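Heads up, the thing below is written out as structure tokens.
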Amino acid sequence: MKFTDEIRRRRTFGIISHPDAGKTTLTEKLLLFGGAIQEAGAVKSNKIKKGATSDFMEIERQRGISVATSVLAFEYQGTKINILDTPGHKDFAEDTFRTLTAVDSVIVVIDVAKGVEEQTEKLVSVCRMRNIPMIVFINKLDREGKDAFELLDEIEQKLGLKVVPLSFPIGMGYDFKGIYNIWEKNINLFSGDSRKNIEETIEISDLSSQQLNETIGDSAADTLREELELVEGIYPDFDNQAYKEGKLQPVFFGSALNNFGVRELLDCFIQIAPTPRPKESEERLVEPTEKDFTGFVFKIHANMDPKHRDRLAFIKIVSGTFERNVPYLHTRHKKKFKFSSPNAFFAEKKEIVDISYPGDIVGLHDTGNFKIGDTLTTGELLHYRGIPSFSPEHFRYINNADPMKSKQLAKGIDQLMDEGVAQLFTLELNGRKVIGTVGALQYEVIQYRLEHEYGAKCSYENLNVHKACWVDPRGSDEQEFADFKRVKNKFLATDKRGQLVFLADSSFSLQMTQQKYPTVKFHFTSEFE
Ligand code: GDP
């Protein structure tokens, strides 16, 4: 197959949702269509069980699953589909944000009864910022839920999306009869649990035909006609370009558990979803069709076996082909590396591959050379824009609890931060180290892993920080900046990349500081122009 055909047949996406909306179930049904798995229950949910925060077995189990489900690839009707796993648990939100830098589109799963939930809002806002094309799947139609129009309104308002329903439910919950597929112009009849994997599809080319009444009954047929008229009146026509630019979001309804509406979603997805997209680097925009390989690290996974401390770095291929045993330039180290066993991921297994194409993800064994955000190229000195860090929610001093093991501790902290487990800040005043995390769970993970993988012990001490703000001295008044640094010295730190960070202890003090030093710029993510 030609190189450009290989690119054209690839779809790399993530499924995002609030926990329990049905992401795992949907993933599994998608894999079933690809024939990638044989049975339900094969995709492990990587959810953190409630109350499991202190259960280290659970953390280990998690890490195992999260390697296994990092990338799930399968073939469907000539399309190569790569699903990137995005943890729904809020303590791992950063991991999800980073994964979103490697997807070309997303599917947002929403529970019909719960509507838009907190985690969905956060994740969708990140996708919106990046104009990532999104398809919405409203799940659990077999249950009583919100009225379809009400839900579509909620999605537009809370998520700031512009929706276009491409399917529409006929009834809901107990009265759920099926789905009218606006995209394909047919009806899928739902029949409870009797035929979980087979659906009856009835072509309805003319909505005014008697056939509709015969299929779903007079009253449901009338309601459907009215509702579809409303849909036509309220919502714009589907426009593929607008969808691809992130300006319009098609919506499907279904029930993942019953495998209902999933094939319709997938069939439409492979037609409309974008092929691997070009990516901005600091130097220039890189097109996937370029001959030379480029790619970047978006995830690093430590080995589960403490005896083998090597890690797996996940690379998204942006352009060209990635080949086994070919030396590639690590542009941060300005050094070439070659990889004898790059892993590709297929449903439940990983395999060594000789060649991978744009859109694909390869896992490279790494002994500590990679950091999240690193770029690999055939030879060009190119740097993909870093992956921004957001202000953590929790801050604690980390102390060495075993003076004999300070080297191990330093190394462990260093490597865990490279993996993106948490953020490290070093106080300007006294060099003390502060760990910032999105969720409290990470502190336990770090402590556990430092001990089991690096043989180091640590303890924590609370630190009252409201928000970390990255300080941009450029363009500030010199005297004012010097004053700021002197007066706020106690609250200043540097992050891992040496950028200056202001650890504001309250929103009030942050406001006051901004007012007092108006020329100094404060940013809430580590990336700014
Ligand atoms: P995740 O946290 O988003 O991955 O959610 P899961 O896929 O694990 O689903 C959460 C729960 O909802 C599980 O008990 C599923 O069996 C259930 N579920 C998923 N899809 C449906 C559906 O279409 N209908 C119903 N009734 N339950 C569903």
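The backbone N, Cα and C atoms fix where each Cβ goes, glycine too.
Unlike curated records, TrEMBL annotations are generated automatically.
Listed features, source TrEMBL:
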DOMAIN    8-277  domain 'Tr-type G'
BINDING   17-24, 85-89, 139-142  GTP binding site
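Taking a Cβ cut-off of under 6 Å from any atom of ligand 1, none of the binding-site residues Thr86, His89, Leu141 qualifies. Long-range Cβ neighbours of Thr86 (GTP binding site) (same chain, at least 6 residues apart, Cβ-Cβ under 8 Å): Gly14, Ile15, Ile16, Lys23, Asp95, Thr96, Thr99, Leu100, Leu123.
On the 0 to 100 pLDDT scale, the domain 'Tr-type G' (8-277) averages 85 in this prediction. Sequence-distant neighbours of Leu141 (GTP binding site) (same chain, six or more apart, CB under 8 Å from its CB) are Val112, Pro169, Met172, Gly173, Phe176, Ile179, Phe190, Phe253, Gly254, Ser255, Phe260, Gly261, listed in sequence order. Neighbour density at the Cβ, taken as the number of other Cβ atoms within 10 Å, is lowest among the binding-site residues Lys23, His89 for His89. Taking each Cβ in turn and tallying the other Cβ atoms within 10 Å, the top scorer among the binding-site residues Ser17, Asp20 is Ser17.
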